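J.: Summarising the annotation, TrEMBL assigns region 'Disordered' to 18-57. Per TrEMBL, the feature compositional bias 'Polar residues' maps to 22-33. Taken from TrEMBL, the feature compositional bias 'Low complexity' applies to 38-57. Among the features that TrEMBL reports, transmembrane segment is placed at 108-126, 135-156, 168-188, 251-272, 284-304. Per TrEMBL, the feature domain 'Cytochrome b5 heme-binding' maps to 414-483.
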Amino acid sequence: MANAVLCSFVQLPPSLSLSLPTASSRRQTSTMPDGSDRSSAPAPTLRARRSAAPATASVLGTVPTLADDDATATPKLWRGTTLGHNPSAHLAVAQVEREPLSWSRVKWPSATVLVVSPFLALYWGLTTPLATKTLIWSILFYAICATGVTAGYHRLWAHRAYSAAWPYRLWMALAGAGSIQGSIRWWARGHRAHHRFTDTDKDPYSAQRGLLWSHFLWMLFNPDRAVRVAQRQVDMADLDADPIVRYQHQYYAPISIFMGLVFPTLVAGYGWGDFWGGFVWAGWVRMVLLHHATFCVNSLAHYLGEATYDDRRSPRDHFLTALVTMGEGMHNFHHEFPNDYRNAIRWHEWDPTKIVIYLASLIGLTYDLKTFPDNEVQKGRLIMQQKRLDKWRAKLDWGVPVESLPAWSVDRWHEELKLNPMMLVIDGVALDVSLFIHDHPGGTKWIKLYLGKDATRAFNGGIYMHATAARNLMSRLRVARVDGLVPDEAATKASDGTSAMQD
Ligand SMILES: [Zn+2]
Ligand SMILES: [Zn+2]
């Protein structure tokens, strides 16, 4: 069983992966005369027919290769959108046809373990007493292993958000292996592809394929060819240069068995005589909970929460995902600023991982902690707030814009008054007050006084300095622009004792 667990999270070598093409991929692939690996024209599909350039990588069946980076190629999306000559933009957003899921693509060890392990955790959990010391140890070991993934696998190795001395890297490599989520190398490669191709079919766990897919179904199947190609394009030079990463990858199976299941069992067993409890709670149950907490970063963190810094892609910020993942839930921030060692920057956002990294820096274990310029972070937040304000504003009735109103001369104004005498002018704009006159908070008297006249000065302090609410409401009564009328003072002076007209 343990071997199966391990195998389930070890990436198949490319040669093995390529030896298992689906029937559809076999049909579509051929060798071009120049020897390059290009696809033959697939059977026409709606997507293919929509594309004006069936030989580009964005069309069904074509094989994205490094040649796709050729800036001279005409980048076209399958939707027919041209992206100019930005090859990276082309690759980042290009959609490719998904290969159909079939039984032949199932990775049986992964599927078996991922489906069975939660049920075993439930059964063993219900039938195994939980001693207090074992509970404390389980929580502590959960935090240790989770930090191995968040601070080590993710922020240190996948994103190079900081650097670390070898004792720290060794600790993180062991702790991360204890989470039994694959080797650093396998994990970081998939994650770098996820960031580069977020929300496209080249993203190994694209949120666009559904919540369950991004949560764990993606691990049950051999990846689409486009994903395998995308992963092979990932620059792994820095990881391959780290001996700790190399050895952890090479000996991942025994290391993760020991760290994930044996070590917690031994601690509980030799510590307070609870071998079986240590295996079940600190080993197995803790492993399953940590699996699904981490998987939530790929699933829930791309569905649930707020697009604080950018809403063009699916990552979201949410406290709940941050809580169970040692602070990885501020995922919108993270996708915008991936090489920032923090995932949360506001005081109320939960991110214990950044505290671990920071505290380690105080004693020299970590260094070169990267942070994105606050000026740029604020720009992102401001732009999103502006978008929300604009949406809100668009829902409200602001009346006809002044510049869109018909222009009336003074003569036309007097002509129109014969048809509708319930009008007055404020700030050069004729307002139809017929429906409003009886709702005027100051009484109908003042409006009647100015019907057919220019009430600009009276409105702006002559009689009363109207509030912004009055000005907003006034905008919905607009009828036309009137040029040449003179504000009427006589009416105000003629009123009963109020002649406080301002000059
Ligand atoms: Zn993500
Ligand atoms: Zn990341």
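Glycine is treated like the rest: Cβ placed from N, Cα and C.
Automated prediction, rather than curation, is the source of TrEMBL annotations.
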J.: Which sequence-distant residues neighbour the transmembrane segment (135-156)? Criterion: at least 6 residues beyond either end, Cβ under 8 Å.
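T.: For the transmembrane segment (135-156), the list is 162-164, 169, 171-179, 181, 184, 187-188, 191, 259-260, 264, 267-268, 271, 278, 281-282, 285-286, 289-290, 293-294, 325-328, 341, 343, 352-353, 356-357.
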J.: Same chain, outside the transmembrane segment (168-188) by at least 6, Cβ under 8 Å from its Cβ: which residues?
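T.: Beyond its ends, the transmembrane segment (168-188) has Cβ neighbours at 5-6, 9-11, 141, 144-149, 151-153, 156-158, 236, 239-240, 242, 244-246, 248-249, 252, 255-256, 259-261, 263-264, 287, 290-291, 294, 360, 365-366.
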J.: Where DSSP helix means H, G or I and strand means E or B, what are the helix, strand and coil counts for the domain 'Cytochrome b5 heme-binding' (414-483)?
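T.: Its residues divide into 28 helix, 16 strand, 26 coil.
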